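Pulled from TrEMBL:
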- 1-10: compositional bias 'Polar residues' (COMPBIAS)
- 1-32: region 'Disordered' (REGION)
- 107-140: region 'Disordered' (REGION)
- 116-140: compositional bias 'Gly residues' (COMPBIAS)
- 252-690: domain 'UvrD-like helicase ATP-binding' (DOMAIN)
- G273, G274, P275, G276, T277, G278, K279, T280: ATP binding site (BINDING)
- 633-675: region 'Disordered' (REGION)
- 654-669: compositional bias 'Basic residues' (COMPBIAS)
Amino acid sequence: MSTSSRSPQVSPDPAPAALPADQGPQEAAREREIAVEQRVVDTAYGELDRRLAEARSALIRTEARGASGTHQSRGERDAYAVHYSGLISTLEGVEERLVFGRMDMRAGDPVAPEEGGSGGDAEGAGGPAPGDGAGTAGAVGGPARHYVGRIGLHDAARREVVLDWRAPLARAFYQATASEPMGLVRRRHIDTRARRVLGVEDELIDVSALGGARAVGGRSAGLAAEGLQGEGALLAAMSAARDGRMGDIVATIQAEQDRIVTAPGTGVLVVQGGPGTGKTAVALHRVAYLFYAERERLERSGVLLVGPSRTFLRYVEQVLPSLGETGVVSTTIGDLVPGIRARGTESAVTAEIKGRAVWARVLARAVKALQRVPDGPRPIVVEGTALELRPDDVREAMSRARRGGKPHNLAREPFVLWLLERLTDQFAATTRQDASDPETRAWIREDIRTSRDARREINLCWMPTTPQGLLERLWARPALLERLAPELTGAERQALRRSPGSELTPADIPLIDELAELLGPSDDAQAQRARLEARRREELVAYAAEAIESQELGGGIVTAEMLADRVADHGPSLTLAERARADRGWTYGHVVVDEAQELGAMAWRALARRCPVRSFTVVGDLAQYSGPTAPSSWGQALRALGTSPSADGGRSPRGGHHQRGRRGGRGRRVPREGSTPLREEVLTVCYRTPATVMEAADATAASLGQPPVYPVSSVRDLPDCLRVDHVGRAEGAGGAALEGAVLTAVREEMAALDEAVGPEGGRIAVIAPDPELWAARLAADAALAAAMEAPGGDVLRSRLAVMGPVMSKGLEFDVVVLVEPGRIGRTSPGDLYVAMTRPTRRLRVVSSEPLPSGLTAP
């Protein structure tokens, strides 16, 4: 076996200590092992602290250089400042549970350098690419020991301290079994909190290689061969009280999850499965892994994360920083276009209509309809001279303008210029002036350009507009929509009708994005940007003048304008995520879409334009679709991405059709059918919801005609985890009896949670079809109102949250009080399925209506 001069730094086992009188051999062995691991953890945190101190000092030195020097030196300073700021964020983000595992490898097993790289260390905000780390072999012929953690760390002598969980060698930590040990002898899970080791759990993978060693607090090879990896750590994580934020699963990734996390980033990977199977967590860890495996590419282009709601994005916002990655842009479909926010609401039926692929054709017609040839000559009077805007001239101008392939608003400029030249010729001929004289021609052209008649008639032939303005006209003018969208029924067009000035909805945003591609920037948008820049310039000059006066820098050597120019030209550099977020045309190296079953074809077209390499992780569950009719397969749902099953086959339950892609605007194309490989993976184990609740949810969904596509198996069950309270209907649904029952249920569940996890611990959600009404009712109780307080308006920070089923997508709570499930199920069986599968401990159902046939108390 080859040796490496950069072997892992491992503290020697301490000498056996005398046993306390009341301590047995097993407990004493456990304490000795904890002491061993504490020394290693202390070393790792010492290295983390050293790196943090170095990065902070480097940032201070960089910022102290100021804005002086050449343009190149200032650019270098800004680049270094961004680098060190990112590195500091990375190192600060991995503070909690920096080290969580240990791998004891078989003695004498050679480890190839490319297989044993530690993933480098935290230099460069995440470390070098795989294979760049230190060697992993221990003494010649001896076993290697690796400590697995959130990022790779080395000491000053370049000896491995922590192995990055994404390194190739670390795959054994997640995938090794007794039948396939992958060179692993023992896998140890290390439980830490606030830099202290609290416990260890061993799994013996290859007993024959252990000699006289024993496992501490864990399982033998026979138990580790199948089932859960790190069962104790996993069950502890599942049983912990919720705190309103998703935690990472890096210490407890299971083998089926790890295979998805480490899958190649090419093509479209669908991660599907029932509730609680870890789809979202797997997708986020996959992002961190891809940053590790393809860092050079993704650090230039970035990753886009699309979630179902802002609440969901807040819920998952800590996961990637805790894994050492911060360069991700998170957004919802409603916030996809910079500068536009969708605040309106509408029915699921209306949103589904807006999401259909037919809108690509409808909107293209709407833009083309802005270009019109008049039926006959149009009179124009300029300075008392009668001119004509002739149809043949308009037709020729359109032909010339379209040749450049530019979007509508940008192609308008050559259209207008050509017509101005023709009208200039007319004016000169009518007034008998020399049209060949450049000066004469210039003032004639300017008179025509500023003429009200000319502006009106030319605009009517090629109308400039904005995406928002054109979409608003479509919704507000039934006759226009009927002419442009004959594919829709009268009832569907009526559902789209909206008054001018109404708030945009999330389903409007993909249509606006499509129109932005077809239209291009308008004069109005450019003028607005110019006004904003001018206003910012005025503010900078005023600020600079105040600074000069306060510091007595007058005398004409430095003017306010000079100082403002310096600030404007050499202000702080933006991070890649900040630049990408502000640029609608930015193209990403990878896109992750959660709750993807909710997206319509137009949303997928918008995302396809943002990722020309077609590298997608698509997360969802067709059974959790909110609309009335779920897509029959992922092939059908993802037709806008041009997907085709990969060679290893997909797992869609029912075959879907593919549709030829169409051009998604000028310059960026939507893919064609079959151009993007599609692979589907299924997660089958539920780690969140108790088995009794999961079985009730499956039965309820089936009774409503929407059975789960992939049923899951829960890894645990809890006593009394499902209770159904049925209230008489004497006072009508929503009456005092129902209100009293809900209030009682919430109070009882809060008291039970206090007893289980301590006062103020855990999270409870009331999920109801009319959340605003129930929030007001619960807030009338002083104690419940206090529990509902949401600091900063963040409902996830409150112990008691009230929400509708759609808002609960992707979230989880210790306890869910579900109100009127029958009403929810009639509107959307998928929404009821979502609501029933949010709890980790207990589901309490309160209803005054007949329950769906599958929902009964155990």
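Each residue, glycine too, has its Cβ placed from N, Cα and C.
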Cβ neighbours of K279 (ATP binding site) where a neighbour is any other Cβ within 10 Å: 28
Segment-level pLDDT (mean, integer) for the domain 'UvrD-like helicase ATP-binding' (252-690): 84
Listed in sequence order, residues not in G273, G274, P275, G276, T277, G278, K279, T280 with Cβ within 8 Å of the centre of the ATP site Cβ atoms: D621, L683, C686, Y687, R688, V712
Which same-chain residues, if any, lie at least 6 apart from G276 (ATP binding site) yet have Cβ under 8 Å of it: C686, Y687, R688, T689, M694, V712, S714, E812, T837
Those binding-site residues listed as T277, T280, and which of them has the most Cβ atoms within 10 Å of its own Cβ: T277
Protein Cβ atoms within 10 Å of G273 (ATP binding site), excluding its own: 25
Cβ atoms near P275 (ATP binding site) (within 10 Å, other residues, all chains): 26
Among G274, G278, the most crowded of the binding-site residues [Cβ within 10 Å]: G274
For K279 (ATP binding site), the three-state class that DSSP assigns: helix
